[in-house]
Amino acid sequence: MSAVNDKHSYQSIKSLPVDFRYAGDQGVDRTMLLDTISENAENLRDSSDGAANGRGHVGSDIDESPYGSLNVPAKDGASLADDGDDNKDTSTYVRPIKQSYTDSKWSDTTPYASKKKIQSWVQLPDGNWELGTVLQTTGNDSVITLPEGKVLKVSSETLIPANRDILDGVDDLMQLSYLNEPSVLYNLQYRYDRDLIYTKAGPVLVAVNPFKKVLLYGNDYIEAYKHKSLDNPHVYAITDTAIREMIRDEVNQSIIISGESGAGKTETAKIAMQYLAALGGGSGIEYEILKTNPILEAFGNAKTLRNNNSSRFGKLIEIHFSETGKISGAKIQTCKITSTTHILLIKLCTLLQNYGDSSKFASFLLLHQMRFLVPYSFARKDCFCEQSRVVQCSEGERSYHIFYQLCAGASSSLKDKLNLKNADEFKYLRQSNCFKISGVDDAEQFRIVLDALDIIHVRKEDQDSVFAMLAAVLWLGNVSFTSVDSENHVEPVIDEGLTTVATLIGCKVEELKLALSTRKMRVGRRNDTIIQRLTLGQAMDTRDALAKSIYSYLFDWLVEQINKSLAVGKRRTGRSISILDIYGFESFERNSFEQFCINYANERLQQHFNRHLFKLEQEEYIQDGIDWAKVDFEDNQDCLNLFEKKPLGLQSLLDEESTFPNGTDLSFANKLKQHLSSNPCFQGEREKVFRVCHYAGEVTYDTTGFLEKNRDLLHLDSTELLSSCTCPLPQAFASSMRNQSEKPVVGALHKSGGADSQKLSVTTKFKSQLFHLMQRLESTTPHFIRCIKPNNFQSPGGYNQGLILQQLRCCGVLEVVRISRSGFPTRMSHQKFARRYGFLLLEHVASQDPLSVSVAILHQFNILLEMYQVGYTKLFFRTGQIGVLEDTRNRTLHGILHVQSCFRGHQARCQLREFRRRIATLQSFIRGERVRKEYAGILRKHRAAISIQKHTRARISRKKFNRVREATTSMQSVIRGWLVRRCSGDIGLVQLGGRKYNEPEEVLVKSSFLAELQRRVLRAEAALREKEEENDILHQRLQQYDNRWSEYELKMKSMEEVWQKQMRSLRSSLSIAKKSLTFDDSKRSSDASVNETEERESSQDTGNNPRIHENGGRSTSSGLSVIGRLAEEFEQRSQVFGDDAKFLVEVKSGQSEASLDPDHELWRLKQMFEAWKKDYGSRLRETKVILNKLGGEEGSAEKARRKWWGRRNSMKMT
């Protein structure tokens, strides 16, 4: 790398020659450039590096911008004609084109060999340029043919070379091979005829007013320029460059829109604001910012002879942005040429001491101080120039739009409240005899203003007060005066006008009448008050001054309300973009004080333009020691000195003459001619007329009204009148007047002995405000838009070469193109360049100083030596040369960001997986705990249910047992009673009937029965003894039977296994069998005690073997045991199946929770029940068969027992 440094020494780095043209300047197809990606990237770099400002900071490209790229087709259209729609003005003064092209300092008039050229420009006698073809050249003369076939013989030196056809309509004048006036005019006209109204002139955007709608605006175009898919010249492109540089460099930006009246400045400012609102919108405040335009246009714009919507004030729109690039608020700044001021009450004795009895007796004016910085989220600087328009309009012009809108669009209730009439019934409005603008609906515009007032949060009560003040201004014009004495002193006529004004501003009629007809003065050391009556002229001036003052302070108040609505507050970040839309240069047939101030302001702006694009450029080149061919340009410093020089400048002489009470407009004109005749920019004319040579041409001024407008007195009586009003707005106006009148005088007007009584004049205050405005612009990076008016008749398609050429010359556009093409618009300090691109070096540089690193970077990327120069502190690049470095840097940064994003993504995924694992673990613990708690609750509920079921079933069983026991007892009592009655014979009946309730019962029994019973007892006792003996014998036999029964039980067990397979289905048969066996058993048990003795006797008498009974009993007990077991099994199984089925139904319905499938478990339960049912049915059938067999044996025993029982009874009866 050191070898490379040695090879390319610093001494070998030279600048490009002025006439050098690099590839692409000539003979290049523009469409091919737009279709090439690399060239398109270079074009984008051009627009951000050097297209918007001459200082040429390194432009931010797409990757550094917060916006991406998108290709969007065009749809919507807008017009610039609103700012330039005015009536035809045939009397408008246009500076003649006196200077030929050969006299132009910036022309490319190099020796021209016409024999080698085919087409050339020739200037016709009317001053227009025509493209012709050279037919023949002889000596210094050439024969040229024009397109219409006309042949001319002209001097070869007057021919101007023309560009090739391929360069027709290029979007940047820097691309023209021959930069001359006719080529520029032709290129602009070529584009203008195709509705391509925007053309770049180096860093300046030239906008030609189309006076019609063109399809170059709307959301689709905004998106296209936002994403850099379009790079054609446009207001959007300039605004996009400003916002990108603001974000990148953190430097405030400004967009300065200039041009003549009617050139389209107001609409251009609106378009820029719309783009900023679209890019920085989102908070809603951008909508409020846009809605301030209808309000300010209604109150500050008027129709002039040149423009239907002429701004009679300038505005500096300062839009503030947050750190993210979103609009956070705005602020309006104002600098007015306000003509309404406070008159200073003259202290007669002091003035006599200061000035003696000389004719220089002066009255000092108290000018109300206009606020230069009004808090506003969106900085507007309202230069409200024409208060005189409120009370006076020229023929064919109108006063401010709001008056006509109010008369046309106010509701009937509002008209009744304000006593409004038609516009032609108010004197202030009917003087010009012009009430409507073609194509404009004043009523609809008034509704738009009302909506805008609502959006910026102006209360309804305040809106009514505003309209009341407007109506009061109109009615003041209708106030008339009548003479009251021979000295022409007057007083107002008490008519509808006077009473209406008093009602609207909230004062008494007598107070208003006194304020308009008298003037209070304080004289002497004790400030004695003298009341002076006014003449007709003085009274009318006082009336008009009051009307202008009310309107001026009303405008200030509206701006203040807008500022409050759009206040930035704590959101202020210091980043802002200012849009300056100021009145353009004006030159009429008769020019007065207003044009004097307007043109002075434009001179200041032109100097700022020159300073930024010419002076600062060349000074920086010289300071950094680079090889540079200096470009000459027209400097307007001489004209500014004419205005500002002290003590013999236009403004100083005007202020001085205004202080003299005997000063007149004629004496002022004579004083100018006396002191300024030596200045090359000044020329005295006849009487009150003088001429000033401005940068835009010579303007003739008439001094008539200069002194009055510079004073424009408002007496103390009027201030006191406003302060005494009941309405809040007039009181606020009066308070503001008093506060401003108390401000001390500084500077040239401060004189010994009278400083406490002197105030600033209108021109002095305007100069001060303009100075602050320029300070504000100097602290920003400017972007220039030059608006061009193609014709004076607002005709779409009309193209006046002379008018356009005059405007191009005045604003220095062509000098800008040349200095930009031959200069170095892009520059960076060595440190910043090394820091920005140093990481792109492939090899290590031995010396780490910024200059060595910078040169190494340039050599690595093979940037031609002609395309850059190395200065003492900076690197200077020609247009587009930094694009390769930016592209490489962005690609490298994108790669680094991609690697970082992949690594960070991997880290994030790992962290996510670990986080998910921990979450799953935590969830498992939480869910487990929750399930355990739920299971414990379910278990408690299950146990409680079982306990309830147990107690319920026990209760049911007890009830059932009690019923069975009661039934059994009843049956036993009945049977026993029947047996007793059957065996007792003739027993006396119990007699109960016929006895009283408390008498004891009596039982009558026969004695024979008692004897018989005693005998039976004795026999029974004897039989009992015998039975006991027999019982012993039976016990022995029972032992034998038990042995046999054991054997029988073994057999029965084997039989039960068979029965279990057969008895499954006959539940009804089992119930019947069970009931019958239960009845027989109870019958046997009831008869056992009665028949015990009989059985013993029967066994003795008959002598039969008791085996029959014993076998019958054992058979019965065996059957009962089998049936009992079957019944017990049936009950148990029924209960188990019922409980399981009920539990599964509860689980399925959600009443109980369990981790099982209820449908599957029900299916299994059904299968088990079917299998048990089948087995149980088979067992039941087998048991029935066995019981039938046992029933046969038992029947034979029963028959024997019954037979024995019959014999026994017969024996007893005998």
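Including glycine, each Cβ sits where the backbone N, Cα and C put it.
Per TrEMBL, the listed range annotated as coiled coil is 1010-1044 (candidates: 135-169, 625-659, 660-694, 1010-1044).
In the domain 'Myosin N-terminal SH3-like' (115-164), the DSSP tally of helix, strand and coil residues is 5 helix, 27 strand, 18 coil. For Glu260 (ATP binding site), the same-chain residues 6+ apart in sequence whose C-beta sits under 8 angstroms from its C-beta are Arg306, Gly584, Phe585, Glu586, Ala696, Cys787, Lys789, Gln807. The average pLDDT for the domain 'Myosin motor' (168-890) in the predicted structure is 81. Taken residue by residue, the region 'Actin-binding' (770-792) breaks down under DSSP into 9 helix, 8 strand, 6 coil. Each of the binding-site residues Gly259, Gly262, Gly264 was scored by the other Cβ atoms within 10 Å of its Cβ; the lowest score goes to Gly259.
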